[in-house]
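These come from TrEMBL:
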BINDING   D159, G209, Y369  substrate binding site
BINDING   D236, H238, D330  divalent metal cation binding site
COMPBIAS  474-488  compositional bias 'Basic and acidic residues'
REGION    474-497  region 'Disordered'
Amino acid sequence: MDTYRFRVPKPNYLPHKRLDASEKDDIVEEYNIPLGKASELENAKFAAKCERYALEAGVTRPKGYNVSFHCNPDMEKHHFGQTHPMKPWRLTLSKSLIYSYGMSFAMDNYISRAATYEELASFHATDYLDFLGTVLPEPVPFDVENPNPDLKFNLGGSDCPLFEGLYDYCSMSAGGALDAARKLCTKQSDIAIAWGGGLHHAKKSEASGFCYINDIVIAILQLLRCYPRVLYIDIDVHHGDGVEEAFFSTDRVMTVSFHKYDPQNFFPGTGALDDNGPQSEHNPGSHHAINVPLNDGITDEQYDWLFNSVIGKCIEKFRPSAIALQCGADSLAGDRLGRFNLQVQGHGACVDFCKRVGIPLILFGGGGYTPRNVARAWTYETSIAIDHQDKLKHMIPTHTPWRDHFRHETLFPTLEQILGEPRPNRNTQKKLQDIVQHVTEQLRFVQAAPSVPLQVIPPDLGGIRDDVEQRIKEETEEKRDELRRARESAIGQAMEY
């Protein structure tokens, strides 16, 4: 298909054809109907209401630090399939709620470009990227009629379907995360938010768990250019196996994953308490993978205590120079796939803890398969980032688009409103104490300043410089073309052939 025309990759060049507006509408026509499309006038009215709400609510830029918000609206229009749990329009719902609260006026807002082929190849294998960029969409997953299909790179099954615009979607997800990481590297931001990222299951040469490109790994690789050590924290209900695997043998990244662990019945089945990196003590990554396996029904109070205990000890010993926090919202109560009793407040408390550490912080999205829950959580966590959570009105603003999708008018519904009856809590206090004790023991073997000396490391700005130069070149070529067209237009005279 024309959508997937593939060309030999060149520096800073996307190996696929960009879609024009009409083609994008064709791809997502069925998907866009439930949401509706606002006119320019309606958008202007909405922006005015958001600005007025921000003034009335006292939403201002945080003092002493900058927050940046990174998104690409074109990413929101893609569609995994009618029955697939992953709904990219949750990004639309989240962004509209964040904007409705007036929070955009407290942040630097960026429309991120899609990541280039070379940027994706900083982690992923080129043969995998080539296939991802050329494979045709399949309306029906291969495993619908054949339970055991031979899937190349694990693409085309029910978990990772081949939908229209797949490569575009992946590139935009990685582009937002990479843009956020670069803002931290250049000190333009102290907290960078990329809710469109957080796809933590993707491997170097394999799609997995709804994830095709591991934007987190690509972003952390960027952070490592400027920061000696990065602490990666994952509060998705699923184990962050892709990120852990990517940094398995390095002591510059410590991965900590809080997740449901039931290897026989729950994806991905990895992340046991004693899975702490390479077994060999000679491998630098040994003891640098911390896993916190949990059972169904954990509560806000338990999660908060456990998170503070584990992360506090990790920060004390590892002494990271930056934190990457994956805020998967499928760990919330009422998620289509998750089974915890966490509420928005408990989930957001993790963001608040990391923010109070006072070092550069990047917030990723991740899982989350009940869109209204996702929107609530990421809105509240955005308010924490801009230091507005204490003034946040609990009633969802009346001018919020698609307000009826939230069912309840409050930003903080109770467990009874969400579930009717909370799930049985299968996490005993002894289990949680055993986890903390095990983590403490593992951290005894972690050197305080691994691999990179504690000194100023000059940032590698080559990638940023190349981007700027390429953009200037493109703008120059566009102006040259416009000038040429202006000179060539209307040059004919009357009676000439």
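The first residue you see is number 1, and the count goes up from there.
Cβ atoms are placed via backbone N, Cα and C, with glycine included.
Unlike curated records, TrEMBL annotations are generated automatically.
Of all the Cβ atoms in the protein chains shown, 28 others lie within 10 Å of the Cβ of H238 (divalent metal cation binding site). Listed in sequence order, D236, V237, H238, R336, L337, G338, G366, G367, G368, Y369 are the same-chain residues at least 6 apart in sequence whose CB falls under 8 Å from the CB of D330 (divalent metal cation binding site). Surrounding the centroid of the Cβ atoms of D236, H238, D330, where the record places divalent metal cation, the chain contributes additional residues within 8 Å, namely V237, H259, G328, S331, L337, G338, G366, G367, G368. Same-chain neighbours of the substrate site beyond D159, G209, Y369, judged by a C-beta within 8 angstroms of the site's C-beta center, are, in sequence order, P85, M86, H201, F210, C211, H238, F267, L337, G367. Shown are the binding-site residues D159, D236; the one with the most C-beta atoms within 10 angstroms of its own C-beta is D236.
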